[in-house]
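The structure under discussion appears below in the form of structure tokens.
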Amino acid sequence: MYQRSADMGLGVPFNIASYALLTHMIARVTGRKPGEFVHTIGDAHVYVNHVDALRVQLERMPRAFPTLEIRNKERMGGEGEDKEEGCGGCGIDGFVYEDFEVVGYRPHKTIKMKMAV
């Protein structure tokens, strides 16, 4: 994904999660395994009122990434949860909230930042 302008404090984390999820959804619909999500940023910026919060974030010890499980194959026409088959022509809009589970997510305490307007 090419992102022309990127708010590193609030926008980029949301964008990474959103487009990674979309990558997995497209892979499921097409019967493929998800590949890499490549994120290219044209103008990365940090707002002045985010600097202190981002310093706190940078001091934290990273934790293992969680995994995403999509549990919709039977409902969407697949053969079972452990196979990488497509969803029988269901389309990208056939997913519902209950299809998704994030496993092993261990977040740090929330860091508050205000959205720039």
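Glycine residues also receive a Cβ, built from the backbone N, Cα and C atoms like all the rest.
The domain 'Thymidylate synthase/dCMP hydroxymethylase' feature in TrEMBL is assigned to 1-117.
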Mean of pLDDT values spanning the domain 'Thymidylate synthase/dCMP hydroxymethylase' (1-117): 88
Helix-strand-coil residue split for the domain 'Thymidylate synthase/dCMP hydroxymethylase' (1-117), DSSP-based: 38 helix, 20 strand, 59 coil
